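One structure below.
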Amino acid sequence: MSSVKQSAQAATSDVVDTAKNATAETVTAATDFLHTPAVRAALPFINGGLSGMVATTVIQPIDMIKVRIQLAGEGKAGGPKPTPLGVTRDIIASGKAMDLYTGLSAGLLRQAVYTTARIGCFDTFMSRLSARAKEKGQSVGFKERASAGLAAGGLAAMIGNPADLALIRMQSDGLKPVAERKNYKSVIDALGGIARNEGVAALWAGAAPTVVRAMALNFGQLAFFSEAKAQLKARTQWSSKVQTLSASAIAGFFASFFSLPFDFVKTRLQKQTRGPDGKLPYNGMVDCFAKVAKQEGVFRFYRGFGTYYVRIAPHAMVTLLVADYLGWLTK
């Protein structure tokens, strides 16, 4: 009986050891895979895209409200000022609560393209700048961070402009008379319809302010996030999580301040369609700036700053927090 018990214990021990070895081999294999050159190069882009898509899913209703506020009172200096609550009430009253998520498919595609490229390029640029600075016995400063943010934002915005355009068209479609609405079913439907009816080049309508907005946004978001985090780490005893959240909020404010005028113009240009006379309301970014300033006043560019910040800051916080977490998981 004793020998049978010993045999059973030995067999159990062998099974446990085998399971441990298999688990260790699996973890090692996964770790080795994550550290292959191709995967290491791709991870910043993958993590960036995933983090942006998570943030967009959370923030989409606020983005919808922001766009409607920017399009309200076009061409008029006076009139009632729309409020976030009023816009929300109007959207729900004209349809259903889920209408606040109109354009989500376009928003997710935009993040899959834009944020993947933006954060991926920024991380790649920063890695190279850090390596170069290390060789010289120096550290990466604010100027280098800002340059990396500007370059990454501009490049990513140009690539992601079609998805951005589709998002604005889907979100503004409900403002048109019922007979003139396109009733896009998805981002693919929107992109296909725009390309067929207006030409492929129309997918890059508003590209100039989109690029400038992205550069301004990244200058505020990525550069100030890195700088704020470095300053908070040096000057406070806060936990890493509190420092990250605080740096995200600071970065979101500067990102909003620098980018809102360009976001406003981008929305107007991407929403516009040709009238009965075949002409567009605006001829380009400069013309849009000039007409809005003359007809509606310069402060119109900052209308809805609070809503924009509430959209930008949490989006920045969620994006950067998820990106940091994914970076920690895959380091």
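Just so you know, glycine gets a Cβ as well, placed from its N, Cα and C.
Keep in mind it's a predicted model, so treat the numbers as computed, not measured.
Per Swiss-Prot, the feature repeat 'Solcar 1' maps to 39-128. Across the range of the repeat 'Solcar 1' (39-128), the DSSP-based residue counts are 74 helix, 0 strand, 16 coil.
Summarising the annotation, Swiss-Prot assigns transmembrane segment to 42-62 (among others).
The annotation transmembrane segment is assigned in Swiss-Prot to 103-121 (among others) on the grounds of sequence analysis.
Per Swiss-Prot, repeat 'Solcar 2' is recorded for 140-231. Across the repeat 'Solcar 2' (140-231), mean pLDDT in this model comes to 88.
Annotation source Swiss-Prot lists transmembrane segment at 148-168 (among others), citing sequence analysis.
If you look up Swiss-Prot, you'll see 199-219 (among others) marked as transmembrane segment, on the strength of sequence analysis.
Marked as repeat 'Solcar 3' by Swiss-Prot: 239-329.
The feature transmembrane segment is assigned by Swiss-Prot to 245-265 (among others). For the transmembrane segment (245-265), the residues of the chain that approach it from at least six positions outside its boundaries are 70, 206, 209-210, 212-214, 216-222, 224-225, 228-229, 232, 238, 285, 288-289, 292, 300-303, 305, 308-309, 312-317, 320-321, judged by C-beta separation under 8 angstroms.
Positions annotated as transmembrane segment by Swiss-Prot: 309-329 (among others). Within the same chain, residues 43-44, 47-48, 50-52, 54-56, 58-59, 62-63, 66, 115, 119, 217, 221, 225, 244-245, 248-249, 251-253, 255-256, 259 sit at least 6 positions outside the transmembrane segment (309-329) and bring their C-beta atoms closer than 8 Å to a C-beta of that stretch.
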